[in-house]
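Visitor: Dumping the structure here so I can ask a few things about it.
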Amino acid sequence: MASSLTCTGVIWALLSFLCAAASCVGFFMPYWLWGSQLGKPVSFGTFRRCSYPVHDESRQTMVMVEECGRYASFQGIPSAEWRICTVVTGLGCGLLLLVALTALMGCCVSELISRTVGRVAGGIQFLGGLLIGAGCALYPLGWDSEEVRQTCGYVSGQFDLGKCEIGWAFYCTGTGAAAAMLLCTWLACFSGKKQKHYPY
């Protein structure tokens, strides 16, 4: 099976896939922010949440439903910053995944990734990582929303966690994006083989 990638290109393809997978998994998981409410653990992502309060009609009290799920609508996301974060981070993850899958195909298909295509792919990865990084930077701006304040002891604010903690999914998303921006972008420049020029 012919490959259009150099040895460095194969490393780039595998690393690109790992970075994209880390960013996408972290983005999808609702474990960006941890706190507690009514004695139960609560976690948030950009567009998902685990555990939420509901009014129990029979006992006339608030109880926690311990389930994970998406918000009912895009407008249901607690803050405008988190809505922007969702779109920007999702776009970045999509770009990283597109390049990673193309790079993996380059391992099996000859003349798919030339030096120029590799450099363009590296630029797209840089843009994807930048978008995810921007999403991660926007996320703390939503910590002053009422939903988050209820979970963080009513003392959280923008860039102030209160009684909450940053979750593993936030770090996973950010690390995947940083590696894609710094390492994959550089490796992409050396990933493609020089194309053969045929005389006809």
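The backbone N, Cα and C atoms fix where each Cβ goes, and this holds for glycine too.
Just lifted these from TrEMBL, have a look:
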SIGNAL    1-21  signal peptide
TRANSMEM  87-108  transmembrane segment
TRANSMEM  120-141  transmembrane segment
TRANSMEM  168-190  transmembrane segment
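Looking at the shown structure, can you explain where the listed features end up?
Guide: When Cβ-Cβ distances below 8 Å are used as the criterion, the transmembrane segment (120-141) is approached by residues 16, 19, 23, 27, 32, 46, 79, 81-82, 84-86, 88-89, 91-96, 98-99, 102-103, 113, 158-159, 170, 173-174, 176-178, 180-182, 184-189, 191 of the same chain, each at least six residues removed from its ends.
Sequence-distant contacts of the transmembrane segment (168-190) (same chain, six or more residues past either end, CB-CB distance under 8 Å): 6, 8-9, 11-12, 15-16, 18-27, 29-33, 45, 89, 92, 96, 99, 115, 118-119, 121-123, 125-126, 128-130, 132-133, 135-136, 139.
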